[in-house]
């Protein structure tokens, strides 16, 4: 899991050679797309929101679905699996790309978890080398104060979840395990099941925080004892250019855009392929995040399923939430700010439990319906709870941070089923 972001600015000649004497195309393409002057030509970058442009390079991926919508999708803020737009790279078998499958507004829940909750102790982060964080404090809260700590979030680069990866020995430390967040476990298990891995067990994760101008050099992830399980990567915030190559550095990588809400699964041959992030691209105006992360007062009074799944930021103005009365909508969108709770949506039963059924997350059986236009689940159930601890003025601070940051959550299964790090 040696994939913490870093800035690499050294200048090297074209056709850089690897130690075996072959051309290092991973390094070469990384430098090309990272270049500032002159800026790189982006015409070859695959845009999965316009797949017709790259029809010869990608193909549709068949998801594991029964044809009907499963209300568990909305448990995690996702549209129905059958509505996901999913593709696979022809040049890299097992590299699966899901175009933002999140319900409108759901990304706010996950970005808040990444910003405010995941950097808390006992989780390990890069700031530990420079300071001691109080278990009662959060990096986010410290950064909001007008003192010497007000730039801590700008210095935050990575947080480890579950098994701690030790960069000094380049391996996992079994004695440094902390409970993996149950909501994130449920989300990634759901995604893994949809792409053909129903027994996937998320055990370790790294949350990377890329500032504008940040990058990650070419590398492979091969330190897990069982490499047959996929890597699942979630992206939020600013857009990235992502490079995916092959098993060796002399395979020229393919460049693609990764936008807020997009999901990457690296399975099969792509599981150990070289990959990199050479560039973060600013989206939106100064101090504004992507549209999908902006606060909307009327979120709970309209259907969160967009007309076009590609346009996740465009709501269907003619629709209303099925089964929700005006009284219900008012109740969920005008929450009592004096009764805030700190527990995240899926944390009722503690992080030591991975969600195993609808009952544990309190889904109302009456909240699911399906029409010719697609699945319309009980959106207030997820979205109202995901914002009940947040006011508009508070979210504005998150918007400013997300206007200059890309967050990547990378989750993996560390060991073979039934084993632990120490026994594998």
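In case you wondered, yes, glycine gets a Cβ from its N, Cα and C as well.
Taken from TrEMBL as is:
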| type | residues | note |
| --- | --- | --- |
| REGION | 1-20 | region 'Disordered' |
| DOMAIN | 201-343 | domain 'Fe2OG dioxygenase' |
| BINDING | 219, 221, 275 | Fe cation binding site |
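For the binding-site residues listed here (219, 275), the lowest count of other CB atoms within 10 A around the CB belongs to 219. The Cβ of residue 221 (Fe cation binding site) has 19 neighbouring Cβ atoms from other residues within 10 Å, across all protein chains displayed.
According to its DSSP assignment, residue 219 (Fe cation binding site) is in a strand.
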